[in-house]
Amino acid sequence: MASLGKYVSKLAGSRVLVIGGSSGIGFGVAEAAIQNGASSVFISSSSQTKISSAIERLKENNQSAKAQLHGFPCNLGSPDTLTSEVENLFAEVAKSGKLDHVVFTAGDKLAVGKLEDFTLDAIRQAGTVRFFAPLVVAQQLRKHLDESGSSSFTVATGGATEHVSKDWSIMYSYLSGLRGMIRGLAVDLAPIRVNAVAQGPTDTEIWSYVKEMGYWDNVTGHLKGRMTTGEIGKVEDVVEAYLYLMKNKNTSGSVVETTGGTLLS
(Lines of atoms letter the chains of each structure in order from A and count residues from 1; the text may use other names and numbers.)
(Lines give C-alpha, C1' and ligand atoms only; values in the text may rest on other atoms or scores of the structure.)
Protein backbone atom coordinates (compact mmCIF):
# COMPACT_ATOMS: atom_id res chain seq x y z
CA MET A 1 0.00 0.00 0.00
CA ALA A 2 1.36 3.42 -0.96
CA SER A 3 2.33 5.87 1.74
CA LEU A 4 -0.28 8.52 2.55
CA GLY A 5 2.37 11.21 2.18
CA LYS A 6 3.47 14.04 4.42
CA TYR A 7 0.38 16.21 3.96
CA VAL A 8 -2.25 13.71 5.11
CA SER A 9 -0.30 11.65 7.63
CA LYS A 10 0.58 14.30 10.21
CA LEU A 11 -1.63 12.71 12.87
CA ALA A 12 -0.46 9.17 12.14
CA GLY A 13 0.48 7.42 15.37
CA SER A 14 -0.64 10.32 17.55
CA ARG A 15 -2.54 10.10 20.84
CA VAL A 16 -5.52 12.45 21.13
CA LEU A 17 -7.79 13.33 24.06
CA VAL A 18 -11.11 15.03 23.26
CA ILE A 19 -12.83 16.51 26.31
CA GLY A 20 -16.47 16.76 25.30
CA GLY A 21 -15.99 14.02 22.73
CA SER A 22 -19.20 12.04 23.20
CA SER A 23 -21.34 14.17 20.90
CA GLY A 24 -21.43 17.07 18.47
CA ILE A 25 -18.23 18.65 17.27
CA GLY A 26 -16.17 16.79 19.87
CA PHE A 27 -17.37 13.46 18.51
CA GLY A 28 -16.50 14.68 15.03
CA VAL A 29 -12.98 15.61 16.14
CA ALA A 30 -12.51 12.16 17.68
CA GLU A 31 -13.70 10.47 14.49
CA ALA A 32 -11.51 12.70 12.32
CA ALA A 33 -8.49 11.85 14.46
CA ILE A 34 -9.18 8.16 13.93
CA GLN A 35 -9.54 8.63 10.18
CA ASN A 36 -6.31 10.64 10.06
CA GLY A 37 -4.29 7.83 11.58
CA ALA A 38 -4.26 8.49 15.33
CA SER A 39 -3.12 5.42 17.24
CA SER A 40 -5.13 6.16 20.40
CA VAL A 41 -8.19 8.36 20.89
CA PHE A 42 -9.58 9.15 24.32
CA ILE A 43 -12.97 10.79 24.77
CA SER A 44 -14.43 12.28 27.91
CA SER A 45 -17.78 13.70 28.98
CA SER A 46 -19.88 13.89 32.14
CA SER A 47 -21.94 10.82 31.20
CA GLN A 48 -20.54 7.29 31.10
CA THR A 49 -23.61 6.21 29.13
CA LYS A 50 -22.89 8.78 26.42
CA ILE A 51 -19.22 7.79 26.38
CA SER A 52 -20.06 4.12 25.87
CA SER A 53 -22.53 4.96 23.11
CA ALA A 54 -20.01 7.23 21.38
CA ILE A 55 -17.29 4.59 21.43
CA GLU A 56 -19.66 2.07 19.90
CA ARG A 57 -20.55 4.53 17.13
CA LEU A 58 -16.89 5.31 16.50
CA LYS A 59 -16.13 1.61 16.18
CA GLU A 60 -19.10 1.02 13.90
CA ASN A 61 -18.27 3.96 11.64
CA ASN A 62 -14.56 3.16 11.40
CA GLN A 63 -14.31 -0.61 11.32
CA SER A 64 -11.11 -0.68 9.30
CA ALA A 65 -9.29 1.74 11.62
CA LYS A 66 -6.68 0.42 14.03
CA ALA A 67 -6.92 3.16 16.65
CA GLN A 68 -7.38 2.20 20.28
CA LEU A 69 -10.49 3.87 21.74
CA HIS A 70 -10.92 4.77 25.40
CA GLY A 71 -13.48 6.77 27.35
CA PHE A 72 -13.48 8.26 30.84
CA PRO A 73 -16.14 10.31 32.64
CA CYS A 74 -15.21 13.79 33.82
CA ASN A 75 -17.77 16.19 35.27
CA LEU A 76 -16.63 19.77 34.73
CA GLY A 77 -19.76 21.42 36.05
CA SER A 78 -18.90 21.95 39.72
CA PRO A 79 -16.29 24.49 40.86
CA ASP A 80 -15.80 22.46 44.04
CA THR A 81 -14.74 19.29 42.22
CA LEU A 82 -13.41 20.68 38.93
CA THR A 83 -9.72 20.31 39.75
CA SER A 84 -10.05 16.80 41.16
CA GLU A 85 -12.17 15.66 38.20
CA VAL A 86 -9.58 16.91 35.71
CA GLU A 87 -6.71 15.42 37.70
CA ASN A 88 -8.47 12.05 37.79
CA LEU A 89 -9.11 12.17 34.05
CA PHE A 90 -5.46 12.78 33.22
CA ALA A 91 -4.37 10.13 35.72
CA GLU A 92 -6.45 7.57 33.83
CA VAL A 93 -5.21 8.68 30.42
CA ALA A 94 -1.60 8.70 31.66
CA LYS A 95 -1.75 4.96 32.27
CA SER A 96 -1.39 4.56 28.50
CA GLY A 97 1.42 7.10 28.11
CA LYS A 98 1.77 10.75 27.14
CA LEU A 99 -0.57 12.58 24.79
CA ASP A 100 0.15 14.51 21.61
CA HIS A 101 -3.04 16.57 21.38
CA VAL A 102 -5.81 17.69 23.73
CA VAL A 103 -9.01 19.16 22.31
CA PHE A 104 -11.59 20.85 24.55
CA THR A 105 -15.12 21.10 23.14
CA ALA A 106 -17.14 20.71 26.36
CA GLY A 107 -19.95 23.17 26.98
CA ASP A 108 -23.09 23.72 29.00
CA LYS A 109 -26.16 25.97 29.06
CA LEU A 110 -25.43 29.55 28.09
CA ALA A 111 -26.09 32.16 30.78
CA VAL A 112 -28.15 34.53 28.67
CA GLY A 113 -30.62 36.87 30.37
CA LYS A 114 -31.14 40.11 32.21
CA LEU A 115 -27.91 40.93 34.02
CA GLU A 116 -29.66 41.98 37.23
CA ASP A 117 -31.26 38.55 37.56
CA PHE A 118 -27.91 36.78 38.06
CA THR A 119 -26.32 36.34 41.48
CA LEU A 120 -22.55 36.36 41.81
CA ASP A 121 -22.63 32.59 42.32
CA ALA A 122 -24.62 32.20 39.10
CA ILE A 123 -22.14 34.40 37.22
CA ARG A 124 -19.27 32.27 38.49
CA GLN A 125 -21.10 29.07 37.58
CA ALA A 126 -21.68 30.37 34.06
CA GLY A 127 -17.94 30.27 33.43
CA THR A 128 -17.13 26.97 35.11
CA VAL A 129 -17.20 24.74 32.03
CA ARG A 130 -16.46 27.20 29.24
CA PHE A 131 -13.77 29.33 30.92
CA PHE A 132 -12.34 27.91 34.14
CA ALA A 133 -12.26 24.28 32.99
CA PRO A 134 -9.87 24.95 30.06
CA LEU A 135 -7.52 26.71 32.50
CA VAL A 136 -7.61 23.77 34.89
CA VAL A 137 -6.97 21.40 31.97
CA ALA A 138 -4.03 23.57 30.90
CA GLN A 139 -2.45 23.04 34.34
CA GLN A 140 -2.05 19.36 33.45
CA LEU A 141 -0.50 19.75 30.03
CA ARG A 142 3.20 20.10 30.83
CA LYS A 143 3.02 16.84 32.71
CA HIS A 144 0.89 14.87 30.28
CA LEU A 145 1.79 16.17 26.80
CA ASP A 146 5.02 15.70 24.94
CA GLU A 147 6.71 19.12 25.29
CA SER A 148 7.31 19.93 21.64
CA GLY A 149 5.85 22.02 18.86
CA SER A 150 4.14 18.90 17.57
CA SER A 151 1.84 18.89 20.61
CA SER A 152 -1.25 21.05 20.85
CA PHE A 153 -4.15 22.19 23.02
CA THR A 154 -7.19 23.41 21.09
CA VAL A 155 -10.23 24.98 22.75
CA ALA A 156 -13.69 25.59 21.33
CA THR A 157 -15.19 29.04 21.69
CA GLY A 158 -18.00 31.00 20.10
CA GLY A 159 -17.87 33.40 17.20
CA ALA A 160 -20.45 35.57 18.95
CA THR A 161 -18.01 38.05 20.49
CA GLU A 162 -17.98 40.16 17.34
CA HIS A 163 -21.75 40.72 17.46
CA VAL A 164 -23.15 42.50 20.52
CA SER A 165 -26.61 41.25 21.49
CA LYS A 166 -28.82 42.20 24.39
CA ASP A 167 -28.59 40.07 27.58
CA TRP A 168 -25.29 38.45 26.61
CA SER A 169 -23.00 40.46 28.94
CA ILE A 170 -21.98 37.49 31.08
CA MET A 171 -21.26 35.18 28.17
CA TYR A 172 -19.45 37.90 26.20
CA SER A 173 -17.20 38.42 29.21
CA TYR A 174 -16.18 34.78 29.31
CA LEU A 175 -15.97 34.29 25.54
CA SER A 176 -13.80 37.38 25.13
CA GLY A 177 -11.65 36.38 28.09
CA LEU A 178 -11.07 32.97 26.56
CA ARG A 179 -9.38 34.58 23.57
CA GLY A 180 -6.95 36.32 25.90
CA MET A 181 -6.42 33.06 27.74
CA ILE A 182 -5.37 31.34 24.52
CA ARG A 183 -2.65 33.91 23.89
CA GLY A 184 -1.38 33.72 27.46
CA LEU A 185 -1.30 29.92 27.47
CA ALA A 186 0.52 29.88 24.12
CA VAL A 187 3.35 31.75 25.85
CA ASP A 188 3.23 29.94 29.20
CA LEU A 189 3.05 26.42 27.74
CA ALA A 190 5.47 26.88 24.83
CA PRO A 191 6.61 24.95 22.89
CA ILE A 192 3.21 23.23 23.26
CA ARG A 193 0.90 25.05 20.86
CA VAL A 194 -2.37 26.56 22.13
CA ASN A 195 -5.16 27.73 19.83
CA ALA A 196 -8.93 28.13 19.67
CA VAL A 197 -11.69 27.49 17.17
CA ALA A 198 -14.47 30.09 17.07
CA GLN A 199 -17.59 28.33 15.85
CA GLY A 200 -20.74 29.74 14.34
CA PRO A 201 -24.11 27.96 14.23
CA THR A 202 -23.50 24.25 13.62
CA ASP A 203 -26.00 21.42 13.18
CA THR A 204 -25.37 19.17 16.19
CA GLU A 205 -27.42 17.30 18.78
CA ILE A 206 -27.80 20.50 20.79
CA TRP A 207 -30.53 21.49 18.33
CA SER A 208 -32.54 18.28 18.82
CA TYR A 209 -35.19 19.93 20.99
CA VAL A 210 -35.64 22.76 18.49
CA LYS A 211 -36.17 20.21 15.71
CA GLU A 212 -38.60 18.15 17.80
CA MET A 213 -40.69 21.24 18.57
CA GLY A 214 -40.84 22.18 14.89
CA TYR A 215 -38.85 25.42 15.27
CA TRP A 216 -35.83 24.37 13.22
CA ASP A 217 -36.78 26.08 9.96
CA ASN A 218 -37.69 29.37 11.65
CA VAL A 219 -34.58 29.46 13.84
CA THR A 220 -32.16 28.47 11.13
CA GLY A 221 -33.84 30.75 8.62
CA HIS A 222 -32.96 33.71 10.84
CA LEU A 223 -29.40 32.44 11.34
CA LYS A 224 -28.85 31.77 7.65
CA GLY A 225 -29.85 35.34 6.91
CA ARG A 226 -26.76 36.49 8.84
CA MET A 227 -24.38 34.02 7.18
CA THR A 228 -22.72 34.77 3.86
CA THR A 229 -22.65 31.06 3.05
CA GLY A 230 -26.40 30.85 3.59
CA GLU A 231 -25.94 27.47 5.28
CA ILE A 232 -25.76 26.22 8.87
CA GLY A 233 -22.37 24.67 9.54
CA LYS A 234 -21.89 20.91 9.36
CA VAL A 235 -19.77 19.03 11.86
CA GLU A 236 -17.57 17.50 9.17
CA ASP A 237 -16.68 20.98 7.93
CA VAL A 238 -16.13 22.63 11.32
CA VAL A 239 -13.88 19.75 12.38
CA GLU A 240 -11.44 20.69 9.62
CA ALA A 241 -10.46 23.74 11.72
CA TYR A 242 -9.43 21.46 14.58
CA LEU A 243 -7.45 19.20 12.25
CA TYR A 244 -5.65 22.23 10.87
CA LEU A 245 -4.62 23.40 14.33
CA MET A 246 -3.47 19.94 15.39
CA LYS A 247 -1.43 19.44 12.23
CA ASN A 248 0.07 22.89 11.68
CA LYS A 249 3.20 23.17 13.84
CA ASN A 250 3.55 26.81 12.77
CA THR A 251 0.37 28.00 14.51
CA SER A 252 0.03 29.00 18.16
CA GLY A 253 -1.90 31.70 20.01
CA SER A 254 -4.43 31.88 17.17
CA VAL A 255 -8.21 31.81 16.90
CA VAL A 256 -9.52 30.18 13.73
CA GLU A 257 -13.00 31.29 12.68
CA THR A 258 -15.49 28.83 11.18
CA THR A 259 -18.70 30.83 11.27
CA GLY A 260 -20.23 30.60 7.82
CA GLY A 261 -19.32 34.21 7.19
CA THR A 262 -21.40 35.45 10.13
CA LEU A 263 -18.73 37.94 11.18
CA LEU A 264 -19.01 39.69 7.82
CA SER A 265 -22.77 40.20 7.84
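Cβ atoms here come from the backbone N, Cα and C positions, even for glycine.
The NADP(+) binding site annotation in Swiss-Prot covers SER22, SER23, ILE25, SER45, LYS50, ASN88, ARG130, THR204. For SER45 (NADP(+) binding site), the same-chain residues that are 6 or more apart in sequence and have a Cβ closer than 8 Å to its Cβ are ILE19, GLY20, GLY21, SER22, SER23, GLY26, ILE51, ALA54, PRO73, CYS74, ALA106. According to DSSP, SER45 (NADP(+) binding site) sits within a strand segment.
The annotation N-linked glycosylation site is assigned in Swiss-Prot to ASN62 (among others). Reduced to three states, the DSSP call for ASN62 (N-linked glycosylation site) is coil.
Every protein chain considered, the tally of other Cβ atoms within 10 Å of the Cβ of ASN218 (N-linked glycosylation site) stands at 10. Among the features that Swiss-Prot reports, N-linked glycosylation site is placed at ASN218 (among others), with the record citing sequence analysis.
In three-state terms derived from DSSP, ASN250 (N-linked glycosylation site) belongs to neither a helical nor a strand segment and is classed as coil. The feature N-linked glycosylation site is assigned by Swiss-Prot to ASN250 (among others), with sequence analysis given as support.
The list of residues near the signal peptide (1-32) in space but at least 6 beyond its ends in sequence, with Cβ under 8 angstroms from a Cβ of it, reads 38-45, 47, 50-51, 53-54, 57-58, 61-62, 71, 74, 76, 89, 93, 96-107, 133, 137, 156, 199, 202, 204-206, 235-236, 238-240, 242-243, 246-247. According to Swiss-Prot, the signal peptide annotation covers 1-32.
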Compile a sequence-ordered list of residues in the same chain as LYS50 (NADP(+) binding site), six or more apart from it, whose Cβ lies below 8 A from its Cβ; state 'none' when nothing qualifies.
-> SER22, SER23
So for ILE25 (NADP(+) binding site), how many other CB atoms are inside 10 Å of its CB?
-> 27
Across all protein chains shown, the recorded positions SER22, SER23, ASN62, ASN88, THR204 give the max Cβ-within-10 Å count at SER22
Between the recorded positions ARG130, ASN250, the one whose Cβ has the fewest other Cβ atoms within 10 Å is ASN250
CA pair ASN218 (N-linked glycosylation site) / ASN88 (NADP(+) binding site), Å rounded to integer, equals 43
Write down the Cα-Cα distance for ASN62 (N-linked glycosylation site) and ASN88 (NADP(+) binding site), rounded and given in Å.
-> 29
